[in-house]
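Record features (TrEMBL):
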type: REGION; residues: 1-21; note: region 'Disordered'
type: DOMAIN; residues: 9-209; note: domain 'Poly(A) polymerase nucleotidyltransferase'
type: BINDING; residues: Asp102, Ile103, Asp104, Asp159, Lys223, Tyr232, Gly241, Val242; note: ATP binding site
type: BINDING; residues: Asp102, Asp104; note: Mg(2+) 1 binding site
type: BINDING; residues: Asp102, Asp104, Asp159; note: Mg(2+) 2 binding site
type: DOMAIN; residues: 214-361; note: domain 'Poly(A) polymerase central'
type: DOMAIN; residues: 363-595; note: domain 'Poly(A) polymerase RNA-binding'
type: REGION; residues: 585-633; note: region 'Disordered'
Amino acid sequence: MSNPEHTLGVTPPISTALPTDAEKRQTEALLKELRAQGTFESQAETDKRWAVLADLQRITDEFVKRAAQEKEPHNSILIRDARGRIFTYGSFRLGVYGPGSDIDTLVVVPKYVTVKQYFDIFPDLLVEMAPPGAITDLTPVPEAFVPIIKFEYSGISIDLIFCSIQSLRQLPDDKDWNLNSNNLLRGLSENEVRSLNGTRVTDEILALVPEEKTFKLALRAIKLWAQRRAIYANIMGYPGGVAWAMLVARVCQLYPKATSAVIVRKFFTIMLNWPWPLPVLLKNIEYNQSITRVAVWNPKIYPSDRNHKMPIITPSYPSMCATHNVGRSSMAVIQQELERGVQISEEIMLGKRPWKDLFEKHTFFTNGFKFYLTVISSGRTKEAQNTWSGFVESRVRVLVQKLELHPSIALARPFNKGYDRVHRCKTDAQVEEIQTGNLAYMVKPTDTAANGNSKSESKVEVKAEIKTEDGVAPGPAVPVVKEEPTDVVHLGTVPLKPEEKPVKPEANDDDEKVKLADIPEKEPEIEIYTTNHYIGLQLVEKAKSLDLSREVDDFKAMCTSNDIFKAELMGLTIQHVRNFDLPDDVFEPGETKPVRPVKKKKRMAEGDPANGPMAKRQQMATAPPTIKSEPQH
């Protein structure tokens, strides 16, 4: 724990006042609410996590020994002293994990162990050394910018990244050894530096807060708020877990003796009024280092850094922007949510509202928008879909950026998670229907757990980072969505047997038994996996039309031109959806789905002024916009 009298941060504290009794009571109420919300897991579940990590350490040591033996089979000393280390980062290392959270994990090894050996040896070794059946959903992703192996170990989701320390022939035999030294970065590539910095950044954050216990409770509250309000996902253009942690840490530095309840209250006020793009820093940036060639964030030198709208800078060398994905729309949404947080938290601290009001769920689908785009990625196998949907997910923010430039769009808000679904059909025509959003062939939840589930954060993400207001379309009239033919990137077809008519078994004089040969073969089924990402659209006032065919074509071309795309296995389409046509599974029990407006039919009376030329011109002036998201043929 840091010395509370030592000034932390790049500026002096705003206040060092001790907490009042009322503030202490509000912190107790906050803790009680967070427990009621299920953000804490049981001690037994935590013990299970530590047992899994102990197993992973044992497996890692064996992995390094086998790699050493493969590298120098006759060097007995190298093999004897071979060892690796398991480090964690993210929410687990910060101490703010909850039930069902994954464990972000890093394997650190000596210089002679290669990433090729990691993917050649480690996956099989996991299955070999873990208890029978403990390893499930094993998915190595060597092509990712930060190579990763994803799996579940006894039901706990693990994201395992890798780094070989080029400055160390062997790792120290010291349980207290850590990664804090900048010298460990020597000789590392950019992706290796990012791998190592996951743990380094987490440790720095904890070292830079005045009181860890206060920080952790406040961070749990802000994490829950951001998740409930659907503004938590780095890959979709919102701050991720590390970014939210740095914002909370900065507020802790400014109020070093405050309670967690006060930190939460001040968080909303300070961040709502923060003069972006002034960066949020936990300490001064380390420049003039010659340890690695990886660029340090510096808007004075790099034009791309000057474009960051909401820069939150990591404290570990080399400092990077954790929020470079935040765009115009997502920042506007964050600002609106912060404003809501200010209003509610003020009333909470005055005793006028309970803490649970702060954590109310978003209204993205129920009352957020009238118009949506849905990006549908599809695959013929689960493995292909995991890779393909992860890649498409990492590119959705690029589509959002293009939509933000459209003159008729005021705001394009991506939902922070995708929806995974499984479908079974029999014909290519039905496959095309599924690709365009038809849910008639979707497998029911009772048949598979994968159906209609919001994508978890442990999904494979092919991206260049370590997992390091709602708007309502204006206008009095209800916009009419024009149905257009869909230009679909088709899935490859599998030869299907023609539909056969049932064969009626012939009666046998001796008995009435049906011959096996007379029973018709069951028609084969095609299983299709889809992931839908939704983007809410707020139109500018009096928008007359919305042709998005160019933006859609450019996005599909960008995705399908990548080497990951396999036409025989994968598909991609984009559809426009009205709020009353959203699928049922995006709504939770108790939520009200928007309904189609009922138009009042009025019999036209001859000579009625309401039906005259002036009235018709007024009707044309207020006509709803036409939305087109696919090219016509």
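Cβ from N, Cα, C; glycine included.
Considering other CB atoms within 10 Å as the measure, the emptiest surroundings among the binding-site residues Asp102, Asp104, Asp159 are those of Asp102. Residue with the densest Cβ environment among the binding-site residues Ile103, Val242: Val242, by other Cβ atoms within 10 Å. Residues of the domain 'Poly(A) polymerase central' (214-361) grouped by DSSP class, helix first, strand second and coil last, total 76 helix, 4 strand, 68 coil. Counting every protein chain shown, the Cβ of Tyr232 (ATP binding site) has 22 other Cβ atoms within 10 Å. If you draw a 10 Å sphere around the CB of Gly241 (ATP binding site), it holds 26 other CB atoms from the protein chains shown. Within the model, the domain 'Poly(A) polymerase RNA-binding' (363-595) shows a mean pLDDT value of 76, rounded to a whole number. If you compare every pair of Cα atoms in Asp102, Ile103, Asp104, Asp159, Lys223, Tyr232, Gly241, Val242, the residues listed for ATP, the longest distance is 20 angstrom. Cβ neighbours of Lys223 (ATP binding site) (same chain, under 8 Å, six or more residues apart in sequence): Thr39, Ser91, Val96, Tyr232, Gly241, Trp244.
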